Ligand SMILES: Cc1ncc(CNC=O)c(N)n1
């Protein structure tokens, strides 16, 4: 009882960081993204390789749209952030995307996936459109950085879950899991989370409420993205 009484609905309780209140409040939907059947199948080794290849090709397209999105966050942090170190965290994220694009090309050739002939599927198109809408100058920095943290953290938690004790990840997919599930990427996500919590501590209730809506949208888009990867017919 004590515990629940402390949870603030608006996220303005200064004792509990906003991201913590959201993760408690939206636990089920969040776990739906980080424990999706596609992720579970990678973890237990039952993954269908055609699903993996589909994911690989689609995610390459997503990551290419993600780069200008991160660039727009960098711009917003330069204009709107009160903390100089934000820019360095975001820049670090951008730098790793450069490496990531090369990794995708290399991985695709290993699995005989032709990246130039991948046709973006609906879930991907919708997600990329969503990213583009967040690049608008109308979107406040705290809202945009919230979405950014959520996007990175769903991948980090999903792939870190694959690497947990007792996993049966196929050899060919270990590197993929390591890419987002490694400790360094975890620390980077924690830094982003810290930025979000600090930003929202200072933000208005209106901006905080808007950030929560976008947090949930990210989680929903991530679920749709995994659904698309396993070839869900409803896509
Ligand atoms: C659909 C999706 N969400 C998050 C990430 C992780 N961020 C950058 O790589 C990703 N690659 N793809």
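Sequential numbering from 1, following the chain as shown.
Any Cβ shown, glycine's included, is placed from N, Cα and C.
Taken residue by residue with DSSP, residue 222 (active site, proton donor) is part of a helix. All protein chains shown were included, and the count of other CB atoms within 10 Å of the CB of residue 222 (active site, proton donor) stands at 23. Taken from TrEMBL, the feature active site, proton donor applies to 222.
Same-chain residues at least 6 positions away in sequence with a Cβ under 8 Å from that of residue 59 (substrate binding site) are, in sequence order, 104, 225. Residues or ranges marked as substrate binding site by TrEMBL: 59, 100, 152.
Among the features that TrEMBL reports, domain 'Thiaminase-2/PQQC' is placed at 24-230.
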Largest C-alpha distance in Å for the substrate site residues 59, 100, 152, as a whole number, is 13
Same-chain residues at least 6 apart in sequence with Cβ under 8 Å of the Cβ of residue 152 (substrate binding site), in sequence order, are 93, 185, 188, 189, 192
Same-chain residues at least 6 positions away from residue 100 (substrate binding site) with a Cβ under 8 Å from its Cβ, in sequence order, are 63, 179
